[in-house]
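Asker: So TrEMBL lists these for the protein:
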DOMAIN    8-92  domain 'Pyrroline-5-carboxylate reductase catalytic N-terminal'
BINDING   66, 67, 68, 69  NADP(+) binding site
DOMAIN    158-263  domain 'Pyrroline-5-carboxylate reductase dimerisation'
Ligand SMILES: NC(=O)C1=CN([C@@H]2O[C@H](COP(=O)(O)OP(=O)(O)OC[C@H]3O[C@@H](n4cnc5c(N)ncnc54)[C@H](O)[C@@H]3O)[C@@H](O)[C@H]2O)C=CC1
Ligand SMILES: O=C(O)[C@@H]1CCC=N1
């Protein structure tokens with residue numbers, strides 16, 4: 001299988017590193033990673049600590065912006081020597097296409113992407129929306145890069161990005177919180193820390209793997225556990241109360257989506 005195209009990855013923190021890890025596993029043409037700290041990067045890829053160190057002869061097909069949104073304004077102008085023939089993939093939370101256009105100019109090909117950290121394992125979920133000057137080839141290239149780290153959803157409208165971010169970009173945090181709380185409750189109810197940790201983590205891991213392999217709806221998998229008149233049903237009856245998980249999750253997603261929208265304005 002052909003390698004993924006050469007990329008310039010700017011920012012290799014939690015998200016940048018997760019994507020890079022996924023891409024390296026698939027095979028990447030010689031690429032450059034800008035990261036201020038030490039980085040264990042296999043050859044022939046190049047690690048630089050600042051943009052000034054990148055060769056003008058390097059021709060990336062895609063430039064991935066994976067720094068914090070408020071770090072981007074300062075970095076973007078210095079990327080101009082490499083932008084002409086590249087598509088910009090912006091991972092920046094809450095920075096919309098209009099904002100990207102204002103930074104890069106009207107003609108630059110820019111795509112807004114919202115991945116999540118399971119990308120590191122090739123199990124990511126990335127929502128994507130393209131700017132008007134992106135070519136068909138650049139869309140294909142982006143699709144190939146993102147499919148290499150998981151599933152890809154091209155959004156019908158940029159308006160969907162705020163909710164997509166709140167569900168999938170932020171989503172792993174909710175699942176980890178569930179594991180955290182299951183462990184905490186186990187400990188509070190008298191289990192040892194090690195036992196509570198094992199029970200909580202493996203239950204989340206196993207359930208996610210089962211969901212990933214199954215053709216069944218998540219509701220059916222849930223019902224297969226909750227025997228009518230049995231034990232699980234007692235817990236589900238409490239969690240599924242409209243004021244419990246349905247309402248709090250809806251409020252939580254709305255709060256995250258509102259923040260994404262607010263950051264774009
Ligand atoms: N963490 C996550 O799960 C997700 C994050 N995002 C987005 O990804 C972006 C990065 O988030 P994180 O990885 O969590 O943040 P982070 O703080 O872990 O990583 C940001 C990286 O950018 C680097 N950086 C800052 N200025 C730089 C410069 N001038 N040159 C080179 N590198 C520079 C920092 O050293 C750091 O390694 C954000 O815009 C966020 O909205 C999107 C989806 C999920
Ligand atoms: O929390 C954030 O702002 C970023 C965007 C989605 C996940 N992390």
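Every residue, even glycine, has its Cβ placed from backbone N, Cα and C.
No curator has checked TrEMBL annotations; they are predicted automatically.
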Asker: Please report the number of other Cβ atoms within 10 Å of the Cβ of residue 68 (NADP(+) binding site).
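Answerer: A 10 Å sphere around the Cβ of residue 68 (NADP(+) binding site) contains 11 other Cβ atoms.
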Asker: Based on Cβ atoms within 10 Å, give me the single least packed residue among the binding-site residues 66, 67.
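Answerer: Per-residue Cβ counts within 10 Å for the binding-site residues 66, 67 bottom out at 67.
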Asker: Tell me which residues of the chain lie with their Cβ under 8 angstroms from that of residue 69 (NADP(+) binding site), as long as they are six or more apart in sequence?
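Answerer: Residue 69 (NADP(+) binding site) has long-range Cβ partners 92, 93, 94, 95, 263.
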Asker: Give the residue counts of the domain 'Pyrroline-5-carboxylate reductase catalytic N-terminal' (8-92) per reduced DSSP state, in the order helix, strand, coil.
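Answerer: When I sort the residues of the domain 'Pyrroline-5-carboxylate reductase catalytic N-terminal' (8-92) into the three classes, I find 31 helix, 18 strand, 36 coil.
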Asker: Residue counts in helix (H, G, I), strand (E, B) and coil for the domain 'Pyrroline-5-carboxylate reductase dimerisation' (158-263), per DSSP?
Answerer: 86 helix, 0 strand, 20 coil
Asker: Please list, in sequence order, every residue of the chain apart from 66, 67, 68, 69 whose Cβ lies within 8 Å of the Cβ centroid of the NADP(+) site.
Answerer: 11, 13, 65, 70, 71, 72, 91, 92, 93
Asker: Mean pLDDT for the domain 'Pyrroline-5-carboxylate reductase catalytic N-terminal' (8-92), as a whole number?
Answerer: 95
